[in-house]
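J.: So TrEMBL lists these for the protein:
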- B:THR145, B:LYS172, B:THR183, B:GLU262, B:ASN386, B:THR391: substrate binding site (BINDING)
- B:THR183: active site, nucleophile (ACT_SITE)
Protein chains: 2
Amino acid sequence: MYKIVQTTGGVCASDGFYADGISAGLKKDGALDMAFIYSENECEVASTFTTNKMYAAPIKHFRAKGDFKTNFILINSKNANAMTGQAGFEDIDEVLSNLENVTNPIMSSTGVIGVRLPKEKIINGLKKFDTTKKEPGNASKAIMTTDAFSKEIALNVTLDDGSSFNIGAMAKGAGMINPAMATMLCFITTDADVSKAEMQEILDEVIKTTFNAISVDGDTSTNDTVLLLSNAKSGAYEAEAFKEALFKVMHFLALEMVRDGEGATKLVTYKITGAKDDREAEIVAKKLSDSLLVKTALYGEDPNWGRIASTVGASGVEAYEEKLKISFDNLCVYNRGELLFDAEMEKKCAVIMGHKKFTISCDLGVGEGSFKAYGCDLGYEYVKINADYRT
Amino acid sequence: MYKIVQTTGGVCASDGFYADGISAGLKKDGALDMAFIYSENECEVASTFTTNKMYAAPIKHFRAKGDFKTNFILINSKNANAMTGQAGFEDIDEVLSNLENVTNPIMSSTGVIGVRLPKEKIINGLKKFDTTKKEPGNASKAIMTTDAFSKEIALNVTLDDGSSFNIGAMAKGAGMINPAMATMLCFITTDADVSKAEMQEILDEVIKTTFNAISVDGDTSTNDTVLLLSNAKSGAYEAEAFKEALFKVMHFLALEMVRDGEGATKLVTYKITGAKDDREAEIVAKKLSDSLLVKTALYGEDPNWGRIASTVGASGVEAYEEKLKISFDNLCVYNRGELLFDAEMEKKCAVIMGHKKFTISCDLGVGEGSFKAYGCDLGYEYVKINADYRT
């Protein structure tokens, strides 16, 4: 049996990977705003991008490359290079043409939509890059926009035969709400000896229950990107172990993003069971985690199970009043037609909802479908932040 | 050509209709909380109800009646009689059995979900009803929950031959957000001599561009109800005139509901044109009016057209960066690939967004589909209201 343990080094944990963050003057006060990830060896790349039809120039640029290997990713914050048309696409070519000794470099951006890239600053910034550096903490800080904290993780996987590989990653989340930026970016590096096709297949599967299971503000940005790079340096690989480790990495970062939602005070798991199928369970889970009415009830620590029942009913999936069961953690508040809620139960619920983490379970009693989604509450603070946006 | 003029009397404007509101002790401090609408003649009824699968007991009760005429509607606030199962259904039978000299009475409820009706109070309240009263203002106040003001209207329609009929209505809206209540109810009365089938057909059409075109919090309650009663007393009818007047009545009340969203400071029209078809235009319009990111940008008076473009792209309809055009009122801020926005335009936009009413237009440049939706901003106040909910 393989063994997975946490390690240090973020995106530099894997053999042969380097990263750093620098200040190019895009953010104020000399804050870090540009990062790179570099690999000694050329890497296979697996990827997932936003489903938004207005996907940004960096995503167009990546897709235009076709099949390729790379050893370099350039990332900037403060400007999304989205809605910038052909000019925005050409800006990437121009920026990347200033890089030397790299193969098929990728550019990734996050920030304001509809403004051309500050090319000069970015090109000047490139001169500060030192590809012998392993400073993953700087890189993860440089890609932040409204994130309150940087997000990184690394795991080491030892296989039965004693061989081992690493997976490291960094991510930036969507502020719970921000009129300008709500992009998620995630960069994962590994020295596992995995083929491109298999890596893509595993990424596609793992993303469903990690980044695609979280909701921060229910919107899909123009720039959402997950890139997974493998340089195969370890020579080690085992599919099950790789998949589990990748899940752990992505699940951790996904929950960190929810936890970091602007003004969020609670991380809530929506556990749906008994749906007609997994797809219907997913629809319910996401409807709940996106619902303004549920989110504010969570913030008010109001055990309003009626609002949860109503949201299940509004989701459009097969559901019946007399088959539905609703629980807060292990406390069942409505059981298939039975009104259980009373003053004493309200007190118990209030204790559960006072926690920073809890689970709302809905069993639909219809079939075998299940899904887990993760969301946060919608707090006073985030409107405050946005009310003050222009001042 | 027919002539439509505003008149007084709300749901009592039509000949033979009576209404009043009384206090049954459901709300605190003797506030009005129960209303009736009574007609001398039996009425044909057209109806539309929530699509929520957890639809409330009053809706089950109405549907169980099959085809029928009625002359009485009983409405209570404070309790929705939803998620109350067979017992909730039987509670309605018991309440209505206390009414004398009425035919097939209808009950309609709004308020908290998952609590049995306070039957005794309601049955006692019935004794205060006086069906000779024409007090539509009391009725419209009695059905309010979190509404800041009551909502009613009446129109008189004169046809070419000099004959005339009336349409009157009252409605209650959804608070912008409220953990317990977000139901919309609307009751419309007319003395037009219209057949049940034709009335239903016209209601189904008019609702699409009125109540189904507004968004307050993007949720669909367990109790949403529109009832249209005709007692035919005027003997007058003309389809086009009736449809236009009904549209005016429902459009007015729909916009009043949006204007009364909790904490809302702006009424925004989303005008979508150039979509592949009307259905896709509707999807975009509703995605915009429901978007947290757009709603908070409106509140912050931030002319963030990039967020609008992103939301169009996220809606899933056919759309292209190079074909999209976005305007605030008549000011175009993004024109099919051209970045027009600058500091001067930002100032002009800020003036527009400072108004209580304005229009955001998106032309998708794809086809001939169009739709108009109506929404409000998401203000600081509504979270404040909800943060204080339990204190």
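Positions of Cβ are set from backbone N, Cα and C atoms, glycine also.
How about a rundown of where these features are and what they're close to?
T.: Cβ neighbours within 10 Å of B:THR183 (substrate binding site), excluding its own Cβ and spanning all shown chains: 30.
According to DSSP, B:THR183 (substrate binding site) sits in a coil region rather than a helix or strand.
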J.: Counting only residues 6+ apart in the same chain, whose Cβ is under 8 Å from the Cβ of B:LYS172 (substrate binding site)?
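T.: Expected: B:SER77, B:THR110, B:SER140, B:ILE143, B:MET144, B:THR145, B:ASP147, B:SER150, B:LYS151, B:THR183, B:MET184, B:LEU185, B:CYS186.
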J.: Please report the DSSP secondary structure of B:LYS172 (substrate binding site), reduced to three states.
T.: strand
J.: Hey, which of the binding-site residues B:THR145, B:GLU262 is the loneliest by Cβ count within 10 Å?
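T.: Fewest other Cβ atoms within 10 Å, among the binding-site residues B:THR145, B:GLU262, is found for B:THR145.
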